[in-house]
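**Student:** My questions will all concern the structure given below.
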Amino acid sequence: MEEPKEVSPEAVETVSPVDRPGGFQSSSSSSTRRLPLPDLLQSVKLKYVKLGYHYLITNLLTLVMVPLFLAILVEAGRTSPEDLREIWSSLRYNLVGVIVCSGFLVFASTVYLLTRSRSCYLLDYACYRPPDHLRAPASRFLEHSRLCGNFNDSALDFQRKILERSGLGDDTYFPEAMHNVPPSPSMSAAKEEAEQVMFGALDALFKSTGTRPKDVGILVVNCSLFNPTPSLSAMIVNRYKLRGNIQTYNLGGMGCSAGVIAIDLAKDLLQVHRSTLAVIVSTENITQNWYFGNRKSMLIPNCLFRVGGSAILLSNRSTDKIRAKYRLLHTVRTHKGGDDGAFQCVYQEQDEEGKVGVSLSKDLMAIAGNALKTNITTLGPLVLPISEQLLFFLTLITRNIFHNSKIKKKPYIPDFKLAFEHFCIHAGGRAVIDELEKNLQLLPSDVEASRMTLHRFGNTSSSSIWYELAYTEAKGRIRNGHRIWQIAFGSGFKCNSAVWQALRTVQPTHGNNPWLDCVDAYPIPAV
């Protein structure tokens, strides 16, 4: 197996260019290069022209149907009682036709009701918050790394630079075993970490929703690097004495995007099993996956990953819509594992000394950009308004018909802010958030939840998108009808998206939301 290229510490802040959505290239990634200010006058003009065009196209069907409906009303108003009696008489003497039409309507309605897609409702979710004594400030992290005696001076200096540029604050958490000097990773310590995270989140979820564990019919657990026997899902079944016919699934080795994969799996299962509750537990285990070597490409996960986990309760029961927070609209999954470079860019292996760790390639951001482009190409037609889709389609045709270099350099970029009110971008690192902000042309406020989650809790892997949603709820920003885009990247290489719609103005749930006692201190500037 070809050894992945190592990542320099500068890659955390400044990364190689990534293809922008729609096939365009990003500008130089150098943090020292300044872009010229736009022509504000023309920008304002284009803004209002585009906004008017968007409203026109989006409401085109309504504008067409209103005159038609008015014409029908006018015609109905001209109908005399004699005309109505003639219609009734014709139906009375054509009994066979009436019976056939009625039978067809009943048959069609029955087929529709039996085959229609069942809605998937999110009743509530809980994010685990570790106790304060597990906090891991950067100074303590570096001191413990030095005292454990496994790292040479170059590796220690590399980790210091990574921490300085990572976007993590001093309030993130490490598991108990990693606070010991030297660290004491073991199977029992890893199980203890898993139990604390999973059971902590589930206890809060069951309490807030009033759900009995025996009412759960589907359980999906995802944890990439820790898969004991019995499985993590079996540990939950044993702890809460779940019923014997429960459908359980354990997802391993699928990286930070496994949380969306678990949602997609639960959604499909809820289409089959009627009147069922599904619980998804998303976490990652640090205790047994700490790297004690000196290969730089394998030291980055030590600096970024922290303790965290979430538990989500889904339902397909129509009666649960009243108390649900969100409805799942779409899930889109993209897998680039067929490409060798993408397959190896996040790779668990042994270094030259036989020490196990996860290696990150320096091409990671470019590969993530390519996966993102494929994912949003599929997602776009599902969520973007017709106006944006037409503009993108016309631009694409123009670029192919007219071989004009200027047109090729400036394709139309769909405005995803017209499709979503909130963005939950996986808090994998500051470079990941920076690149998505730039490539999707988002505002700083759009990625605020991701940056603050990275600062407060670090990279909690597949559960990070739920800490971000909890941040947005704690800020009181989610209103009825708002759409949320959760997007995550993971080994393999995968890019997965989930789209939710708020069913009401959402308030944070006490006991489930880890931000309630500290959200007023955020956002922190210059993070």
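Using N, Cα and C of the backbone, Cβ positions are placed for all residues, glycine too.
Sequence annotations record features per position, and here TrEMBL assigns active site to CYS256, HIS335, HIS422, HIS426, HIS455, ASN459. For 112-400, the entry in TrEMBL reads domain 'FAE'. Annotated domain 'Beta-ketoacyl-[acyl-carrier-protein] synthase III C-terminal' per TrEMBL: 421-501, in sequence order. The region 'Disordered' feature in TrEMBL is assigned to 1-34. For 53-74, 95-114, the entry in TrEMBL reads transmembrane segment.
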**Student:** Just the number: how many Å between the Cα atoms of ASN459 (active site) and HIS335 (active site)?
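**Tutor:** Cα of ASN459 (active site) to Cα of HIS335 (active site) measures 22 Å after rounding.
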**Student:** Let me know how many other Cβ atoms fall within 10 Å of the Cβ of CYS256 (active site).
**Tutor:** 29
**Student:** Measuring C-alpha to C-alpha, could you say which of the active-site residues HIS335, HIS422, HIS426, HIS455 are within 10 Å of CYS256 (active site)?
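**Tutor:** Checking Cα-Cα distances against CYS256 (active site), the active-site residues within 10 Å turn out to be HIS426.
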**Student:** Mean pLDDT for the domain 'FAE' (112-400), rounded to an integer?
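**Tutor:** Here the mean pLDDT over the domain 'FAE' (112-400) amounts to 92.
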**Student:** Look at each of the active-site residues, HIS335, HIS455, ASN459, and point out the one with the fewest other Cβ atoms around it within 10 Å.
**Tutor:** HIS335
**Student:** Among all chains shown, work out which of the active-site residues HIS422, HIS426 has the most CB atoms within 10 A of its CB.
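**Tutor:** Neighbour-count leader: HIS426.
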**Student:** Among the active-site residues listed here (HIS422, HIS426, HIS455), which has the Cα closest to the Cα of HIS335 (active site)?
**Tutor:** HIS426
**Student:** Express the distance between the Cα positions of HIS422 (active site) and HIS455 (active site) as a whole number of Å.
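**Tutor:** Their Cα atoms are separated by 19 Å.
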